[in-house]
Structures are given as C-alpha cells and as structure tokens.
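Listed in TrEMBL for this protein:
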type     : residues  : note
TRANSMEM : B:12-37   : transmembrane segment
TRANSMEM : B:66-88   : transmembrane segment
TRANSMEM : B:95-112  : transmembrane segment
TRANSMEM : B:118-141 : transmembrane segment
TRANSMEM : B:150-172 : transmembrane segment
TRANSMEM : B:202-221 : transmembrane segment
TRANSMEM : B:250-268 : transmembrane segment
TRANSMEM : B:329-348 : transmembrane segment
Amino acid sequence: MIRRTLLATAAAGLTLAFGAPAIAQDTTKACFVYVGPIGDGGWTYQHHQGALALKEEYGDKVEIAYQESVPEGADAERVITQMALSGCNIIFTTSFGYMDPTNNVAAKFPDVKFEHATGYKREHPNVSTYNARFYEGRAVVGHIAGKMTQTNKIGYIGSFPIPEVIMGINSYYHHAKLANPEVELVVTWAYTWFDPAKEADAARAMLDQGVDVITAHTDSTAPLAEIAKEGGSAWGFGQASDMAAFTTNDDGTPGPRIASIIDEWSPYYIKRVGALMDGTYEQIDSWAGMPEGEVVIGTMNDAIPDDVKAEAQAMIDAITAGEYHPFTGPMNKQDGSAWLAEGETADDGTLLGMDFYVEGITGDIPN
Amino acid sequence: MIRLEKRPQPSRAWTVATPILAVILTMIFGGIMFSLIGTSPFEAIRTIFWDPLFHPQFAAFSRPQLLVKAGPLILIAIGLSIGFRAGIWNIGAEGQYIIGAICGAAAGLALYPMESALILPLMIVAGALGGWAWAMIPALLKVRFGTNEILVSLMLVYVAENLLASVSSGILRNPEGMGFPGSRNLSQWSSSQNLELIPNTGMHLGVLTAFIAVILAYVLLTRHIQGYNIRLTGEAPRAAKFAGVSPARTILFCLGTAGVLAGMAGLFEVTGPAGQVSIDFGSGYGFTAIIVAFLGRLHPVGILLAGLLMALTYIGGELAQLMLGVPGASIQLFQGMLLFFLLGVDVLTNYRVRFGASEVA
C-alpha cells in the first residue's frame, strides 16, 4: 500500500509537470464549471444553453461535460484540475470567483485551454477571458423604464458595488433620463447575486417608496414575482435569462416582465471551440455585446406602447450596427465635473474600472 | 410484530458493523436511484467510492485532495464534538470559521508586502483568536444571561456572512483588483501561503493541525480530568454540579475550544486552498462539520474516519458528475442517503430487534 502510494505520487508529479496526458483527438472535449444549478433560470441556465448550442452546432465532433453548483472557494481549483485530468481540451469557468483557481490550474496544464468568464487575469498563454457588454442592454431597458414610469421613480437592485454593476446603473439611468427628464433613480444594494428572499425584500422596499419600474442586477425571478403583486401598476425586466414565464399573467393581461436582457453565450462558445478545432485558436480578452449577438433584448410585451417599442428597437438596431455607444457625451460625473464631451464615447478602460455615478443620481456608492 | 428492546449497554459488535451496513444500504438504494435516472448503478458507485482512491488517471491527484477536503471538516468537528459531549450545542462553527479567516487575513494583510517567516504564525494566532472571540459571544451570553447558545451561535453565522461580504468589498479588498470584491491572494504571497508540507500529499498545516487535534482530543476525553468533567456534564449534569464542576467554566472551555479550532480551520483555508477572502469564502464547512461530528459518534477517531468518508463522497460525487454526467442534485441525494442510513441503523447499536407478539402489558 505504501509503495503504491509513492508510485502514484510520483505519477502525479509527472502529470502535473508535463500537462495532461496526450489523448488521441477524434473529438474535442469542452467542459464547463457552473456556479449554480443548470435550472437556476438565470446566469448558469444561460451558460448551459450556450453549452447545449455548442453541442448542437458541432454534433459528434464535440463532447461536452459540466459540473453544477461548484462553490467559488477552495473547491473550484480541485474541480477544474479534475476536468483537466479527465481529458477536457477547453474548460470554461463561468463565474468571477473562479479567476485565481483557473489561472493556478492553467499553469499546470499548458496544453489545455482555459476560458474564464468576467475576470481580468490572464497569467498564462492558455488563459483567455470573456465577458459581455451588458450595459448595452441596460441602455435599452433604461429607455423603456423612463417612458413607462408614471411616478417618475425607477429602481435598480444592485448586487455588489463593483464596476460591472455601476456601469449598468449609469447606463440605465442615463437612458431613462434622456427619455424622461423628470426621472429619479432609487438604488438598493442586495449584497448577493442570488437570494430570492433578499431580492424580493429589495423590490418590496422600492415599490413601497413609489418606484414603479425596477430592473435587477441579481439572478433570481423573485423581484418579478414581487412586482406582479402590484397587479399591473409596476413593471420589471427579465435579467440574464428571458424569464418569459412573467410575460403574461394567467388572465391574459401583460405580466410584470415587459422586456428582458438575455446573456447569449452560444456565439462565443461556438466561435472559440470552432477555432480550437481548426487550429486558429489564440489567447484573447473578449468583450462583445449586441453586434456579436451576445447581449439580446427579449420580446417586449404589450404593456409597452407601440411607439416606445419602436424607439427601443431603433436603439437596439443602432447599437447592433455599431452606430451608437450607450456612453456618448455630453455626460458629467455625479459631482458635476465633465466626463465625456459632446459626441465623445467612453473608452473600455474607464468602463471596466467605473467607480463613479453619472450626474443626476443621488446617493453614494457604498465604500 | 417487530419490537425494539433497549439493550442494557450499546452493542460493541453493532457499533462496528452499523457504518458498514449503512454504506451497503446506501449503495443499494443509491444504485436504484442511479439506474432510475439512466446511469449504470455499478459504474456510478464505483466512480464515487473507488475512483477517487484508485482510478489510474485521477487517483494520484484526488487521493491527496481527500486530506485537503477532510482537514477543515475534521478540525472543526473535533472542536464541536467536545461541546456536544457536554451538551453544549454550538451550531455556529461556520461563523467562527469565517471570522477566523477574516481576522487572520487582516493581521497578515496589514503587514503586506513585508516578507517574514513570522507572518504566517501571527496570522494563525489571529485566526484562532478571531474564532475564539466569536464563540465567546454565545458563551458569555449563556453564562451571564442564560441565553440559548444554539440560537445565538446560529444567528451569528449570518452576521459573520454579512461581515465577510462587507470586508471583501471594503477594507480587505485587493487594491489592485480593479474594484472587484475579494482580498489579495494569500496563497500567492510567500509570507502567508500555507503550502503542502510534502509535495503532492495534500498535507498542509491545516491537515497536520487536524491530526494533532484528533490526538489531543482523544487524550483530553480519555485521560484528562477536564475531559471527564465534560463527559460528566453531558451525561449527568446534576452529578457534575455535585462533583464541583463549574457549568460556566465548562461552557467557556467548550465553546472557546470550538471557536479556536474553527477559526484556525478558516485561516488555513484562506491561506491555502481558498487563497483569498471573498464573498463566497464560507462554503458551509461549519455546518458539514456538525454532520461529521455526529457521523463520527463524537469520538475523535470516529470523526477522523467520518471526515475522510465525507470528503470521499464529495470528490467521488464530483467525478461522477464529470465522467457520467449525473446531475449535481443526485449526488446530494446520495450523500443524504448515506447520512440517513448511518444515523438510522444506529438504532441497532442501542436496541435489540425482537420478532413475535409483544408481552401483555
């Protein structure tokens, strides 16, 4: 037994030193690490839809494997290592908290490709990162919110005060304000990505303050369920996934979900695995949006008047065609200082590190 | 008619046999479940129990990982079991684990980027003190005001989780982290990293500490007057009082020990396998350790084995998901079955099963 252990240990050392054992390549194995269950109806569900689309696209040439509900702490590195050992050729780690584990494992398996969603560390040549320009979607729903509100109070359920979320808040508010100069924004921080009870509480608190259009930066459908209790006097949006179940009420009237921002990962997964198969794969830092089909606005329901639908569609078309950038000046920072001049657009670096509100938003960003 | 008759003394034979019986029952019923969802039951069970130990491709990696996964579970469970023996129900080890990690990490990060061999020991002490202090809240409230430690320690878990989210996106946030929540990576800073002591064995300081804790707990409970007092308090509180055992001191000792061990477990995780203080750092070890403590029958050696068994089902379950594509929920169900049968067949240890008509009352 002791000798066996020693031999196995030596073998482990060799495997770790020289990367995954070479496996005859008839099929490409793409593996996915998910932070939630594939049935969460939001973030993980959409990544899994992307994985299924990948399989659909390439059929027998691609094999997919995945693991659900992998915690972002100590377990992630082990799970990713086991995937690399099992012969995965490319591993997509689909949550921010997998950033360091992904890079650590990548160092040990130079022949395996690693793709980390929403992170910024590419410490090894075999690590790429990818994200989507969700603020493009926020611009469209912001416009709709500005037009739909009766009380001139719109709400945003924030998860954590990070650049990604602040970018979304600014884009949402800016476009609501362009559509309706009277609009006021209420931001509530839930300090969670997924906690239906807290999300519902946040929505309830805003509804009680007279907010009547709410968008969420958290993953569950609980805010929509809470908005539905208002019986048609308040509205919300699907987040990450279409959340189509809330489009129409049981009695046929328009439901609380008047549109949605859908994360569509399939174009990216198909492109990257395709590149790996035909030998054109390179390390990249991808930040794509509506033009590439990675950010999609779900069907607008009949609560939205036709002219507003048309305006929203025009904005979608302009962003998709690359004619309009949601952060186009003139825009000032919250303190009144100038940020973007007339016609100037924000650069990606500023957006990715965004730590300020735009002019007109009241309240401070927590610490 | 089946009757249960209480044994005068727990059966020694069944004490040994019930865990094996439970594993066999789990394999049978788990196998039925796997075949119902269209997976070969033999393959599934082999993947869960056998492959982490002996699969040619994985075992070399996953065998050391068993220790990494079991280490914190054992360390926390040992601390909890001492209290449980005395009838002191600390349900809040998860909070003590989180606070230990926060305090230890904060002590280290305050000195960043200094390099010194003393930093990790300092962090360990700070982590232990943090866990201890968090456990002292329910302890002192119980001693002073007679509050219920189950409720207070559990509620403090949620406080700790919110503190964790706050420091991750606040004072401990990595200044070079582009505004994202999460501290600097402690396993990548040479002064704070808790590496494997011997490469490819999984033995890091936390695992070593867990083994030492098992030995010390065994000595304490079987050879030391304090251990005797603890057992007496749990089994016969009134007798303990007459014997002059101070309930207050027992409460402070038991909760304090649990807090210290949980805090150290948190610190070893945050400087090693987890690497950083982040919002999702607490992944339920403190709660799983309660199961491990009872699975191990509150005995140090039992806890050691129970911790390894739990780790095996986690890692084997991951392999089953990866290799066989079974859903994550089926693995949790399978683990649930194992616990259910382990606790359920325990009845055979304390009771005799009698067939036939019951005697007239």
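Every residue gets a Cβ built from N, Cα and C, even glycine.
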Segment proximity, the transmembrane segment (B:12-37) to the transmembrane segment (B:95-112), 3 or more C-beta pairs under 8 Å: no
Highest-contact recorded stretch vs the transmembrane segment (B:12-37), from B:66-88, B:118-141, B:250-268, B:329-348, CB pairs under 8 Å: B:329-348
Dominant neighbour of the transmembrane segment (B:118-141) in B:66-88, B:150-172, B:250-268, by Cβ pairs under 8 Å: B:250-268
Stretch of maximal Cβ-Cβ contact with the transmembrane segment (B:202-221) [cut-off: under 8 Å; candidates B:66-88, B:150-172, B:250-268, B:329-348]: B:66-88
Long-range environment of the transmembrane segment (B:329-348) - Cβ separation under 8 angstroms, sequence gap at least 6: 4, 11, 14, 17-19, 21-23, 25-26, 29-30, 33-34, 37, 48, 291, 294-295, 309-310, 313-314, 317-318, 320-321
Folded-back contacts onto the transmembrane segment (B:66-88), same chain, C-beta under 8 angstroms, at least six residues removed: 52-53, 97, 149, 201-204, 206-207, 209-211, 213-214, 217, 220-221, 230-231, 233-234, 237, 250-251, 254-255, 257-262, 264-266, 268-269, 272-273, 285-286, 288-290, 292-294, 296, 298-300, 303-304, 306-308, 310-312, 314-315
